[in-house]
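**Student:** Please read through the structure below; I'll follow up with questions.
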Amino acid sequence: MAPPSDRAPLAERVEELLATGGLLPIVAAGRPVLRHATQPYDGQLAPALLARFIEAMRDTMHAAPGVGLAAPQVGVPLRIAVIEDPAPVPEEVALIRGRVPQPFRVLVNPSYEPVGTARVAFFEGCLSVPGWQAVVARHAEVRLRGEDEHGRALDEVFTGWPARIVQHETDHLDGTLYLDRAELRSLSTNEAVAALWAQPAPEAAAEALGFELP
Ligand code: ZN
């Protein structure tokens with residue numbers, strides 16, 4: 001636990017961010033805050049401030065729109081992320097990608113480990129890398145441990161698309177962007193993905209662009 005004198009600046013920064021009352025500005029790739037490990041949350045924000053910050057993160061994620069948002073993406077180096085995915089996709093996509101609805105969750109101090117050895121690869125994007133998507137092979141199933149926003153222990157196995165979301169967001173908290181894990185030859189603009197690679201799985205993209213799938 002940091003001494004009180006070191007704790008004030010983070011809380012002040014969050015107060016400043018929330019002072020506008022609007023959506024939080026999303027930080028884009030190239031900003032160091034996205035490349036540094038975050039501080040574990042241990043009370044740096046008082047409960048009322050934490051609740052307001054989480055609400056603003058949720059509103060910002062909805063507006064983006066996105067299915068996850070990590071605190072460093074709004075310039076706050078704390079080990080906190082939010083996730084939520086209504087999964088508005090066709091049934092075929094839902095089946096192949098395992099994209100089932102994920103209710104709103106707050107992940108505090110999360111970490112994950114793979115369950116089994118299976119990996120699955122799909123296009124994904126990031127609010128901090130706007131305009132682009134790339135194929136990332138990730139663990140098909142992970143065990144996520146941490147806490148929720150009330151400090152209750154979280155220990156849960158995630159599969160399908162929610163497993164991808166929690167890996168992507170937890171990686172942010174370690175200063176890792178999805179591009180670090182991506183097949184770079186798959187890198188595509190959103191326009192190219194919509195025009196060419198909207199299939200539920202990336203086999204055709206792998207063939208045409210020349211990258212490996214697990
Ligand atoms: Zn991201």
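Even glycines carry a Cβ here, placed using N, Cα and C.
Sharing the feature lines straight out of TrEMBL:
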ACT_SITE  Glu169  active site
BINDING   Cys126, His168, His172  Fe cation binding site
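Could you give the neighbours, burial and distances for every feature on this list?
**Tutor:** A simple way to gauge crowding: the CB of Glu169 (active site) has 26 other CB atoms within 10 angstroms, across all the protein chains here.
Counting every protein chain shown, the Cβ of His168 (Fe cation binding site) has 23 other Cβ atoms within 10 Å.
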**Student:** Which are the residues of the chain, Cys126, His168, His172 excluded, whose CB is within 8 A of where the CB atoms of the Fe cation site average out, their centroid?
**Tutor:** Gly68, Ala70, Gln73, Leu127, Ser128, Glu169, Asp171, Leu177, Tyr178
**Student:** From the Cα of Glu169 (active site) across to the Cα of Cys126 (Fe cation binding site), what is the distance in angstrom?
**Tutor:** 10
**Student:** As a test of the contact definition, list every same-chain residue at least 6 positions from His172 (Fe cation binding site) whose Cβ is closer than 8 Å to its Cβ.
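**Tutor:** Correct list: Leu34, Ala70, Pro72, Gln73, Ala81, Ser128.
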